[in-house]
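Peer 1: Quick paste from Swiss-Prot:
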type: BINDING; residues: Arg57, Asp115, Glu116, Ser117, Lys157, Gly174, Asp175, His252, Ser253; note: substrate binding site
type: BINDING; residues: His128, His153, Asp154, Asp285; note: Fe cation 1 binding site
type: BINDING; residues: Asp154, His226, His252; note: Fe cation 2 binding site
Amino acid sequence: MTILVEHFVPDSRVDEKKVIEERDNELVLDGGFVVPKSKETDAFDAPDMNFLGHSFRDYENGESERQQGVEEFYRMQHIHQTYDFVKKMRKEYGKLNKMEMSIWECCELLNNVVDESDPDLDEPQIQHLLQTAEAIRRDYPDEDWLHLTALIHDLGKVLLLPEFGGLPQWAVVGDTFPVGCTFDSANIHHKYFKGNHDINNPKYNTKNGVYTEGCGLDNVLMSWGHDDYMYLVAKKNGTTLPHAGLFIIRYHSFYPLHKAGAYTHLMNDEDRDDLKWLHVFNKYDLYSKSKVLVDVEQVKPYYISLINKYFPAKLKW
């Protein structure tokens, strides 16, 4: 993201003109959050680099200690995320017996979480949620369900906290993928799947595995993590978000699908319709990560109103 920095220029008029030109090329949202603006479309424009100076989702820059940690994360994830593991976790966490709290209380609780799988983010989680939501809100002002979906899409990361069992990072964050069928080569660090027990199981190591072509993603087990957990929380607590919102929540980390086009043989027509909204959402989810912070208290009343519209006051988690 672009951060305004005034450089010393002897002529103060030149300096003032430079700052004004920079501000004309940016969007300043309600919470004070600044995002780059496209001159062609007057809308959000994805930057080329993250705040660390690397390409977004750069998993090959092995010289960085941060990148090495991300690779080790995926090694562990690919080994341990099996079909049986996912079924076990869905059964346990589908009970929703860990806590009762509101959506906003969960947003605040999420500030205690660090996502070690993300090479682009080191700000508090609530900032990423609000940065994403505010950027979408500016470009899609009438789609309030999409604003709220952006706010809550990562709330399942509370699984990392002791109150929710303190699951290891590989069981909560990172890219997701179907289990019960072959691991597509589009998955990041695919080589580490060689340590996954399912790869040698004839039930699970074919293209369709335990599924049928066109069965629909609702019928597919995804690797366990914050996406699927928040999807279960929203559904079982009776959210009135449209199906596209639930689709975004469950599959926003499913990069092999929405970035590489893998696993499309499992989709049905409803999935294909919802995927269009996921593509919209992903641009903001990925590229709105910034060192420029949102004024939480300023935007809070708006998001509380959306929470009240689409969710009960208290949810079971």
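Heads up, the Cβ atoms here are built off N, Cα and C, so glycines get one too.
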Peer 1: How many Å separate the Cα atoms of Asp285 (Fe cation 1 binding site) and Ser253 (substrate binding site)?
Peer 2: 10
Peer 1: What other residues of the same chain, not counting Asp154, His226, His252, have a CB atom within 8 A of the CB centroid of the Fe cation 2 site?
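Peer 2: Neighbours found: His153, Leu155, Gly156, Lys157, Val173, Gly225, Asp227, Met230, Ile249, Ser253.
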Peer 1: DSSP three-state call for His153 (Fe cation 1 binding site): helix, strand or coil?
Peer 2: coil
Peer 1: List the Cα distance (Å, whole number) between Asp175 (substrate binding site) and His252 (Fe cation 2 binding site).
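Peer 2: Each residue's Cα considered, Asp175 (substrate binding site) and His252 (Fe cation 2 binding site) end up 9 Å apart.
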Peer 1: For His226 (Fe cation 2 binding site), just give me the three-state DSSP call.
Peer 2: helix
Peer 1: Within 10 angstroms of the C-beta of Lys157 (substrate binding site), what count of other C-beta atoms is obtained when all protein chains are considered?
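Peer 2: If we count other Cβ atoms within 10 Å of Lys157 (substrate binding site), we arrive at 26.
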Peer 1: How big is the Cα-to-Cα gap, in Å, between Lys157 (substrate binding site) and His226 (Fe cation 2 binding site)?
Peer 2: 5
Peer 1: Please identify, among the binding-site residues His128, Asp154, Ser253, the one with the smallest Cα-Cα distance to His226 (Fe cation 2 binding site).
Peer 2: Asp154
Peer 1: For the recorded Fe cation 1 site, enumerate neighbouring residues of the same chain (Cβ within 8 Å of the Cβ centroid of His128, His153, Asp154, Asp285, site residues themselves excluded), in sequence order.
Peer 2: Leu129, Thr132, Ala150, His252
